[in-house]
């Protein structure tokens, strides 16, 4: 099993090209099931979860081809299977997003209950309840969600009990081919939801309000394929900015979108970083400065993202002062804390809050990645730790970061993949 070996590195410097957003690419690939003609998606990152999504589409009978330049072409003319099996779904929670498109276009879907990062319950009941309101008949048996609808789904006024990105995306896709109008209230406002909606609109869908908490969809008879470019990955961008901040370096993230990172950039400025932005780049300068501690509370977009919590934990570990980080989105999302403590961090947990006293330096250690974003924080920790750090179980990392060791090397980081 691969590991990353990391040595203490100098201040990061240079440019890093940001990949397409995993959390936008996955639902957009699933939306290919809705298209009656060929569908081409570009700026698709080369990640484990993306490969799993492509394999899932092939398992359903779709023709999926991937070129070397981050382009995926999908044809559903031969799609004739409607079951997403356990062996594929167990490795990736986003597989649940195939449910809405299959049901909307073909009237039937059997989807294994999903897997993915072990960071809390994250139940699928919001997905199922919304589809039931649209006329679907759903049973959960033998580990599978079995959904059927006679004819087409029907438009509905859906009130989400809580904000859920995945449920918003699933219901949004399903509603595009439903009879009549669907309104999703308390919808997720994340940029990835907007990106999916823009893709669906390019396919012929009628959608208003994406990016607000009320999305209105007028169902259409059919959707066609299109050419669509996936948005930049805001979490990858934020992760590299954190790495530059803790190494007291200066980097520029190119092919980035600063408008999707306002809460993160504001906190980095509070920590003492100088931030400069253009339409498609972000520059961070922390040369010669130690970060200042910043308090964080994760909330749904446009607030501070839960996917940046682990990285800011690390920043605060090395910052001047005491800080608190409160996690309100997911349970069990402080599994990186014991690993950082192994490296010398001064941290303690009280319920869903982590209290951190900043220290000058970490020590290299053998640590274990527990989920996608936690693994990123451990890799960055290795860049500033004295000695050698080994990060095990980096298959988590490969689910969400494209060529991370090569990108760090390009900035001066000493990171190598070993078996």
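For all residues, glycine too, the Cβ spot is worked out from N, Cα and C.
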Record says 93, 329 bind UDP-N-acetyl-alpha-D-glucosamine. Source is Swiss-Prot. Which of 68, 80, 110, 307 does it list for that same site?
307
Collapsed DSSP category at residue 329 (UDP-N-acetyl-alpha-D-glucosamine binding site):
coil
Residue 22 (phosphoenolpyruvate binding site) versus residue 307 (UDP-N-acetyl-alpha-D-glucosamine binding site) - Cα distance in angstrom:
12
In Å, rounded, how far does the Cα of residue 329 (UDP-N-acetyl-alpha-D-glucosamine binding site) sit from the Cα of residue 22 (phosphoenolpyruvate binding site)?
19
What Cα-Cα separation, expressed in whole Å, is found between residue 23 (phosphoenolpyruvate binding site) and residue 93 (UDP-N-acetyl-alpha-D-glucosamine binding site)?
11
